[in-house]
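Here is the structure we will look at.
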């Protein structure tokens, strides 16, 4: 049946009738100029009302509904149409484009105006003939195009679309028969003399003869009137019936348009779904076909020795990546996925076949041709009605005019004879001539009426045929829409199955992506360990620096108390500055324990020979910046010394412990200020190691101790080294993601090629030993000659390659990391913020530190910068950290370079 999202509606101009289909015989009274127009009228209460016209698709009958604007809803229209079709069987369509009407749509001023325009077009199609009696045919409604913007409301019945629905009743137009009068109307002539008072008096023979003539002409006039009125009724019925056929044709257009919308939507769904389905299933097919190869590849990739050791310590034996995969379970899952993949392809083939059946262009063209032929027949029938029927009706009117004139002349002649009997002879001669002249009028009128009756029957038969064909075509449309809905339902099922298949294939994708994920895992572990070392070293350096500052502060306080402070009076210690003799506060931060470092395996970098699996897979590792450093990592425990730093554990190896330089000076008494040495408020401390206040009377040779702290500088250097190692690991990981290689990878590849060449040479030499000495000598000579030639060619190629390399190095797109010159390409990563508050970018490097990006080269704060060096400035750090002469917080005397680049790429 027609879809509910493309229904057709109809109207009534009376309250809902009984639950019966309107008879076609009543359509002639409903198709007038005023009944086919949607318009606004004024009710008796002076409130605006709206008349909505609804067209029945099966019969072409027009129904009108008069509603107040507040009652203009689809539900109210359906309720008024319940007398024709039950609301549950109603399908309404408003268009074009033909959609299910909504309350907001019906109340739209634009839609109401379009409906009114459609009513006006229909008025022209069924308009009354021109008053001048011409026979020009009105334009057929089927000739109107959608450019006018008119809309109509159609009503379809679900019940009429079922297979069990009865055939529509035959169309019968009225009047079927015209009843001609057998007696004339009363005569306007007083044949009885007014002078005769006797009612029983008998007419004279003269009067009787005259009365016969008058009665004969009056009877002809009455019959002529009946035939003329019948011609008008027949013409009106024919026009109304043709208009109903036009409604049926337009309703079929609406149904076909609705079906076309559904078919086009199905075609779009097919295109989108097919593209998505083929893309995903192609990926699944490749993954399923190469799954065993992926497993074999995992068996050839060894795990890092550190990971193997961790597994053994956990009681597990894992040596390759394949050992980390539940192989049997994955194989079973792959077999299930393969079976479901085959079933899914079968379902898709069925859906594709269903779509192919929906797009039978040849059948649609044949149906469109037949629909157009039916519309042409309606147009021809309309033309025939307007030309033949209208012409006959006009002739009948002319003949009636003649009969009326003849009867008037007869009455005049008879009245003249009654008043003057002497003219009776001439009058009879005139009447006889008139009778003979009009004797052929009535037969002609009856013959034309028969032609009109036949034409009316032809129009009625055409209406019956149109209703039957409409029922058949609507059933075809309904079947096609049902097929579309079934196919779309199948698409939904296949789409859900595809979604489930994609979820199932994720487990197999894990196996395929495991080598790449393993490489990233190794890089991530190295980066995290570098981060932990950097944090621990930075924490140790900070603690060492705080300890140095506190020691300097203690010595400064001691110097003050031994010199100027010993001359102060007690109020200065008791009132003005009660804490004058107390030591500086002890700073003992509690850093969170780096438990993660204990659980991370010690993954070696490719530069030190580790991670063979990563090298075999062709991806780079992360080489640290300290690969040439033989010095041990120094971090560790911050010890307790005379300057009051408490013992705290570090995440790195033990730091060098500072030795107290003046232990005895820290244990001096406080008797110069008149205080009890054991009084904690005046400088006494229960911990002898931390007693910093000395007696003002006690002189010491070490008045000022401001020596350089070698241990603190070493801790800061170690922190910087660990920080740079972490930055290096981060840069290497970013470079891997960009598709680059580690420098060590190139070395490993060269060594692999050397080994292959050596093995090839050994095989060739062994094969040569099996031959005779002469053959060997000849072969060697030939080989030497060939090698000499190859050597010459190789030298030429090497020279050519060297020249090309030199030329390419002038402007190469490869990322430089071991040296930086103008024209090289560098990768810069953010490391912090400089003295000016802007983000600092450091170049990715190998043993070429302190290459910083000029802040003038970029705008904003991108995650990385890839640029070609156009200028580099060599500087030496001086002064304190954060100044213009030392913007990057380096040790005084450290060389650093500021690089100006031409930006190639930023994220």
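Numbering starts at 1 and runs along the chain as displayed.
Each Cβ is built from the backbone N, Cα and C atoms, and glycine gets one as well.
Taken from TrEMBL, the feature compositional bias 'Polar residues' covers 1-13 (among others).
Positions annotated as region 'Disordered' by TrEMBL: 1-45 (among others).
The compositional bias 'Low complexity' annotation in TrEMBL covers 20-45 (among others).
Looking just at the domain 'Autophagy protein ATG17-like' (220-566), the mean pLDDT is 88. The domain 'Autophagy protein ATG17-like' annotation in TrEMBL covers 220-566.
The annotation coiled coil is assigned in TrEMBL to 355-384. Counting only same-chain residues 6+ beyond the ends of the coiled coil (355-384), those with a CB under 8 A from a CB of the stretch are 137, 140, 142-143, 242, 245-246, 249, 252-253, 256, 263, 266-267, 270, 455, 458-459, 462, 466, 469, 473, 476, 480, 483-484, 487.
As annotated by TrEMBL, region 'Disordered' applies to 602-688 (among others).
Look at TrEMBL and you will find 608-624 (among others) tagged as compositional bias 'Low complexity'.
The compositional bias 'Polar residues' annotation in TrEMBL covers 672-688 (among others).
Annotated compositional bias 'Basic and acidic residues' per TrEMBL: 747-761, in sequence order.
Under the heading region 'Disordered', TrEMBL lists 747-792 (among others).
Residues in the domain 'Autophagy-related protein 11 C-terminal' (782-902) partition by DSSP class (helix H, G, I; strand E, B; coil) as 32 helix, 40 strand, 49 coil. Residues or ranges marked as domain 'Autophagy-related protein 11 C-terminal' by TrEMBL: 782-902.
Within the compositional bias 'Basic and acidic residues' (747-761), the DSSP-based counts of helix, strand and coil residues read 15 helix, 0 strand, 0 coil.
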